[in-house]
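Trainee: Got a structure here, written out as C-alpha cells. Questions coming.
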Amino acid sequence: MTDNQEIKPKKLTLGNSKLSLNKSFDSLTGAQSFVNANSKTLVEVRKSSTGSATTLSLNKERNSLDQTVIDANKEEFNRRLSILKKAAEQSKLNDPSKISTLSKLASINQSANSRIEPLETDKEVEPKQQNTEENKVEVSAKIVQDDEDIPSQIPKKKEDIFVKSPLVGMRTRYGIESEKELDKTADRKIVAPKIKLEEPKKFKKADLFNMLSDDESGSGRTRSLASIKRAREKEKRKLVSQAPEKVYREVTIPEVIGVGDLANAMSERVADVIKELMKLGILANASQTIDADTAELVATNLGHTVKRVQESDVENVLISDDKVEDLRTRAPVVTVMGHVDHGKTSLLDALKSTDIAAGELGGITQHIGAYRVTLADGRAITFIDTPGHEAFSEMRSRGAKVTDIVIIVVAADDGIKTQTVEAINHAKAAGVPIIVAINKIDKPDIDIERVKNELYVHEIIGEEAGGDVMVIPISALKKINLDKLEEAILLIAEMQDLKANPFGAAAGVVIESKIEQGRGTLTTILVQRGTLRNSDIIIAGTSYGKVKKMINDKGLEILEATPSVPVEIQGLNEVPFAGDKFNVVQNEKQAKDIAEYRMRLAKEKKISIAPRSSLEDLFLKASGNSKIKELPLIIKGDVQGSVEAISGSLLKLPSDEIKLRILHSGVGPITESDLSLAHASSAIIVGFNVRAGANALTAAEKEKVDIRYYSIIYHLIDDIKAIMSGMLDPIVREQYIGSAEIRQIFNIIKVGKIAGSYVTKGIIKKRAGVRLLRDNVVIHEGKFKTLKRFKDEVKEVREGYECGIAFENYEDIREGDTVEVFELIQEQRQL
C-alpha cells in the first residue's frame, strides 16, 4: 500500500461471535514495501486519535462485529509477522534502538494475538452477559499500555512503507513519526496516546561506512573504525606501489639557471637535484644559481636530454619576416636638417599651416618633433624635425637613420655652415636621397648661385648641373614653391617604392621620450611595420610596458597606428633612449626577460669602458695633492634627447686638468633625491627646461646646493665652460721690470755684504723677484733683503739712480755682476 491511500478503520466490538477481518491483507504488497525501504528506512507505528467511546448493548456489538476477524487465523498472522521481520532484516539497520523497535512491535502483535483466543470463545457466551463493559475496558487499557512501550527513536525518511495489522486495524509505517489506529468500535472509541519522539541518533563514521559497504557486499556484518582505517592504509600502500613510470624530458638550459628552476624544468624534486649537485662537489640551495655546464651534468645524470640556449636567444622572438603579399604602400618619412636659424621649423610650419616656431625659445628647436601632413590629394608625408645646434649631432644622426628622404635647408643669405656640412655627412652615411631647399629667397640681395657653388664643394650637385640632387628655391615665410617641394618628395618616394607590412606585431623606433607630471612616461615613436594598438605590450631598449594611451601629432587619442605614423604613447615603466628600437611582444614576462638581458649587457659595457685609476692616482687623491680636478654635475631635462645632447656636448669640452663627471642624468623635475646626491658629492645641478619643486627648493637652500636653470642649450654649455675655466690653475708669467750693475762691495758689521749698484734700466722694486748674473749666467735667484737709497729704506729705485742692495741668504757677490728684477703675473686660463 502507499502513503496516499487512507484506510478507514472498522469499529471493533467484543461479543460472543467470532472475530474476522473485513479487508484482506496482501502479504506480497507488505513485503515489497519493506524491500523498497532499503537499509535507510525505519519502522514506526502510526495511530490516529479517535473520539470518545460510546456505550452500546452487548447484542449490538455481537451483530456488528466484522466476520473477517473470525476468519483470520493464527497461521496467517504468523506468516505476515515473519514478513515484517524479514523486511526489518533487509533494512540493514545497525542501530540497536531500531532493532528493539521491531522486537517491541512483534511483542505488540503477539499480545494482540493472545487476545484472539478469548474473542473466539466469546462467540459461544450468552449475549446477555453483564460484565462486557469491564472486559472491554481491560482489553483497551492493555492495548494502550502495550502501545506506550513502542519506541519513537525512528528517523524520518522520504520513502514510506505502510503495513496494516490484520487484527486491530493498526497501521505501521517506515520513515514518518509513529501513529497507530486501535480499537474502533461502533459504540465506543478508545484513544491511544501519541508516542513521544526522541531526537534521531546521529550516524557515526563507522555506521555510514558499514551502510555503504553492506549495500555493496550484501552482508550485515558490522565493521569497526579500526578495520576501516586498516583498509584505507592498505589502499594507500597499493597506490604507492603502483607509482607512475618516470617521464624523461627535454630540458632547455640557459647560461645561468637557478636550482629550483632546473628542478621545475625537469619535474624533479629539488632535494634530488641538490643530491646530484653534492655528488659533483657543489653545495647549493634552491635559490642559488648554477652555470649551464653544471646544470647539463645534473640533467644528464637524472636521465633527461638537454637543449642549450644562449642568453641572447630571448631576443629571437623579435625577429620576423614579412611576406611579399602582405606588403602595402606607406607614406614617406622625411627628415628636415640644417644649420641653426636657417628655417627648418618655419618650413614645417608652412607645410602644416601651424605655428610651431613661435613656441620655441630663441627660435631653436630643442628636441626632435614628428608630424604627419596630409596633402590635398589624400597622400600623406611624415616629417621629422631635428635640432640644428651642434650639440644635437647625435639626434641628427638618429633622424637620418629612420628616414626615407632628407631635406637639407640652407639659408640663401647665409650659405653653407658647420651644421649644414654635418647634416650632409649624416645623410650620405645613411644612404638616403637628399633634397636641398634654399630658403629665404624672398629676402633682398641674395645669391642662389653662390649657395649652389658652395654645395658643389661638398659633392652636392644639382640636376641642372648633371647631378642627382634636387635643389629647390623656396620661401617658408611667403610659402613660395612649397608645392614643388611636396611634388619632389612624392616623386622620390614613388621611385623608392616604399612598402611595409601593416599586419602582425608592430615595430619601430623611439623618436623622443620625456616624463610629464600627472601622465608619467611619454614616448614619441614612429611605427615602421605592423599595427600598434592599445593594450599592446612593447619593449623599447631596457624599458617595457603596456600601451595605455596613444595620441597623434594633432593631440587626438587614437586606437591604432599603422606604418609611418608618429604617435605619443603612455605606459612604459621608464624613459627609453631616443633611437631605441621598439617591438610588440606576447606578454609582460617576455618583455621583462628581454629588458633584464639588455640591462646586464649595458652594465657590463659600462664597467668595461670605465677608466682605471692607478695606485699613484689613488694616493694623490687621498692626500689631496691630485693634479686632476673634478667637476661633478647632475643633469635633468625635459626630454631624453636633450639630456643626451647636453651630456655629450659637455663631455667633449677639452681639458686635461679638469674631469667633468656626470653623476646622474635623467628626465623630469629636480627632486629631493637629486638634492641629496648633490649635497653629498658637492655637485652642481643643471636643469634644462625643468624646475625644482617646493620641497626641493627648501632642501637646496638648507644644504646650499647650487641649482642652475637653462632653456637654451648653448647658454648652458658656455656657463659650464666658464666654471671649468675658473677651476683651472692660472698661468704664471714673468715680467721684466729693470736691471742694475754692481759697482762696489761694502762689508758692514751685523749686516753683511752690501752691493753698491747703479740702476741701468727700468725700475727696481724691493718686493719683486731678483736674479744675479755673472758672465751672463744665473748664479742665484731669490729676493732682496734690503733696498736703500743712502741710509733710507725704499720700496723702489728708478733708472739712473744709485742704491744699496743686499740679498736674502746670499752674499757671494762681486763687482761687475748684473742684477735682473722681474715680477710674477698670473693670467686666468680658458678652455
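From the backbone N, Cα and C atoms, a Cβ is placed for every residue, glycine too.
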Trainee: What range among 39-42, 175-178, 439-442 does Swiss-Prot describe as region 'G4'?
Mentor: 439-442
Trainee: If you check Swiss-Prot, which stretch out of 338-345, 586-593 is marked region 'G1'?
Mentor: 338-345
Trainee: Check each of the ranges 148-152, 308-312, 363-367 against Swiss-Prot and return the one annotated as region 'G2'.
Mentor: 363-367
Trainee: What is the pLDDT of the region 'G3' (385-388) when averaged and given as a whole number?
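Mentor: When the pLDDT values over the region 'G3' (385-388) are averaged, the result is 67.
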Trainee: Is it possible to list how many residues within the region 'G4' (439-442) are helical, extended or coil according to DSSP?
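Mentor: Reading the DSSP string over the region 'G4' (439-442) gives 0 helix, 1 strand, 3 coil.
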Trainee: How many neighbouring Cβ atoms, not counting its own, are there within 10 Å of the Cβ of K344 (GTP binding site)?
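Mentor: Its Cβ shell of radius 10 Å holds 28 other Cβ atoms.
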Trainee: If you run the three-state DSSP split on T386 (GTP binding site), which class comes out?
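Mentor: SS state of T386 (GTP binding site) = coil.
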Trainee: Tell me the coarse DSSP state (helix, strand, coil) of D341 (GTP binding site).
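Mentor: Note: D341 (GTP binding site) is coil by DSSP, not helix or strand.
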